[in-house]
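Here is what TrEMBL records for this protein:
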- Arg10, Ala11, Ser12, Arg35, His39, Trp133, Val134, Ser135: FMN binding site (BINDING)
- 16-163: domain 'Nitroreductase' (DOMAIN)
- 166-196: region 'Disordered' (REGION)
Amino acid sequence: MTPMDMLLTRASTDRLADPAPSDAQLSEILAAAMRAPDHGKLRPWRYVVIRDDARPLMAERIVASMLRLDANAPEFKIEKRRKRFSTMPLILALGMHLRPDNKIPMWEQEMAVAAATMNVLNALHATGFGGVWVSGDVAEDPVLTEELGFPAPHRLAGFLFIGTPDGEQPAPKRSDPAEFTAPWTGKPVSFAADRT
Ligand SMILES: Cc1cc2nc3c(=O)[nH]c(=O)nc-3n(C[C@H](O)[C@H](O)[C@H](O)COP(=O)(O)O)c2cc1C
């Protein structure tokens, strides 16, 4: 696979089985995260590794968070989340170590975390693994965030579910880049993607 093939064939998936990346493989994958663009070299990304018996513990924190946010959360939703967090081969909680007083604006700090996450997704694919980035309102629950080690102003950017792609994988339809690209000729541009 050429590097471009690698980029163009990546797709998110939650159809994941063991094995998850070993600690050594994960370390190599996360080395790609450290290559993300990062204005001010603030290194705002943090990765909490949730493996093995830590998964059901995390699942219970997730359920508690769901119930905190909605005491009437439907049972099927609770069970779905409990199962996913208990059984995904590996989970990374994506921490954002943010510095509101820094001259680098917060949105740039958050974008650096996102860029690093994209590198992780690509590195997973390049090494034969797969994953998906998920969030949900629990990712904004300050209690859960703090339980993971990110008290305000730090935040969570969500979670990565990680493992080995299992069985038939979805082949998502991809957009034509031409619809999202326009030449600038001195006037504000418009994009085919935004025209009905
Ligand atoms: C910050 C962020 C949060 C996301 N949260 C969720 C989520 O909670 N649930 C979900 O199904 N997809 C979520 N997604 C979308 C998936 O990660 C993924 O991009 C989508 O399934 C499309 O797959 P693709 O990456 O192959 O295009 C999120 C994406 C981002 C960037």
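FYI, residue positions are counted from 1 along the chain as it appears here.
Placement of Cβ uses the backbone N, Cα and C atoms for every residue, glycine included.
What you are looking at is a predicted structure, and each value in this text was computed from that prediction instead of being measured.
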Per DSSP, three-state class assigned to Val134 (FMN binding site): strand
Other parts of the chain folded back onto the region 'Disordered' (166-196), taken as Cβ under 8 Å at six or more residues beyond its ends: 11-13, 15-17, 130
Which listed residue (Ala11, Val134) has most other Cβ within 10 Å, given these are binding-site residues: Val134
The domain 'Nitroreductase' (16-163) - residue tally per DSSP class, helix then strand then coil: 71 helix, 29 strand, 48 coil
Neighbourhood of ligand 1 - binding-site residues from His39, Trp133, Val134 with Cβ under 6 Å: Trp133, Val134
Maximum Cα-Cα separation in Å among residues Arg10, Ala11, Ser12, Arg35, His39, Trp133, Val134, Ser135, which the record lists as binding FMN: 28
PLDDT averaged over the residues of the domain 'Nitroreductase' (16-163): 98
In three-state DSSP terms, the structure that Arg10 (FMN binding site) belongs to: coil
